[in-house]
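Notes to accompany the following structure.
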Amino acid sequence: FSHPPYFLLVGIPGLEKEQFWIAFPFCIMYAIAVLGNVTLLLIIKTEPSLHEPMYLFLAMLAFTDLVLSTSMLPKMLGIFWLGSGEIGFLSCLAQLFFIHTFSSVESGVLMAMALDRYMAICCPLRHSSILSVPAVVALGSLVLVRGVLLVSPFCFLLHRLPFCQHHVISHSYCEHMAVVKLACGDTRVSVMYGLFAAFIVTGSDVILISVSYTMILRVVMRLSSREAQLKSFSTCTSHICVILAFYVPALFTFLTHRFGQSIPPHVHIMVANLYLLVPPMLNPIVYGVRNKKLWDRVV
């Protein structure tokens with residue numbers, strides 16, 4: 001098969017001159033993400049009282065965010081600051097694998113956290129017995145295995161495609177569809193499988209999250225006390241903010257690749273970059289500030 005020895009990542013098409021300065025806020029966001037998520041992991045690990053389902057899921061989310069942001073930002077800074085856009089063919093596939101696998105894992109963890117909120121509010125007496133620590137670990141493992149099994153064929157299918165020395169990727173990192181578009185062979189299987197994997201992951205997780213919060217809303221609205229309603233809603237507000245910050249840019253990026261030819265490339269790629277930086281930066285801030293048990297350990 002005809003593989004180029006390397007691909008050339010251009011960064012943000014149309015903003016090549018501005019990339020040097022764009023890298024500074026990106027770097028600050030990454031630093032906040034690393035500091036916040038590492039702090040969360042250390043607090044949850046060292047504090048036995050936080051070894052509960054909600055905090056274990058939060059630790060999984062923090063670890064996933066660290067892998068996601070680290071998979072793309074160091075190379076992106078090399079492109080923006082040093083003009084080092086070359087990435088080996090296998091290195092590109094490895095970056096693609098980690099980004100898409102842990103995007104799937106993040107979606108799965110958000111779904112698991114929604115189920116945890118549902119159990120805590122709608123079935124509080126059975127919450128601890130159903131979502132025990134072994135059950136939480138098993139659920140996290142299943143989410144990781146799902147991501148690995150669904151994303152591995154991306155790399156296998158791309159490895160089998162000829163590229164005819166087309167090697168310039170109009171993106172800041174190796175994203176599945178951005179690489180598929182360079183192939184000069186029949187890409188229908190890769191495109192269709194990408195749609196299938198996205199539907200399986202995003203579709204099923206969004207449906208379960210929506211059902212969970214619909215059930216939560218029904219239970220909360222039946223509470224007689226206004227104070228109890230507000231308290232129940234407040235426990236879900238953080239999670240809803242995190243869900244929107246993750247899924248809105250993810251769906252925008254996914255749909256733009258396939259149907260958004262009229263959207264300027266620099267807008268698409270900028271959103272795709274922020275999609276992997278904003279949630280990792282936002283998650284520890286949202287949970288750390290709004291969760292009293294975590295905030296007390298931080299201060």
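Glycine too: its Cβ is placed from the backbone N, Cα and C atoms.
Any TrEMBL annotation is an automated prediction that lacks curation.
Note that the structure is a prediction, hence the values are computed from the model and not measured.
Here is what TrEMBL says about this protein:
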| type | residues | note |
| --- | --- | --- |
| TRANSMEM | 20-43 | transmembrane segment |
| DOMAIN | 36-287 | domain 'G-protein coupled receptors family 1 profile' |
| TRANSMEM | 55-73 | transmembrane segment |
| TRANSMEM | 93-115 | transmembrane segment |
| TRANSMEM | 136-159 | transmembrane segment |
| TRANSMEM | 195-221 | transmembrane segment |
| TRANSMEM | 233-255 | transmembrane segment |
| TRANSMEM | 267-289 | transmembrane segment |
The transmembrane segment (20-43) versus listed stretches 55-73, 93-115, 136-159: most Cβ pairs under 8 Å: 55-73
The transmembrane segment (233-255) vs the transmembrane segment (93-115): 3 or more CB pairs under 8 Å: yes
For the transmembrane segment (267-289): best-contacting stretch of 55-73, 136-159, 195-221, by Cβ pairs under 8 Å: 55-73
Mean per-residue pLDDT computed across the domain 'G-protein coupled receptors family 1 profile' (36-287): 87
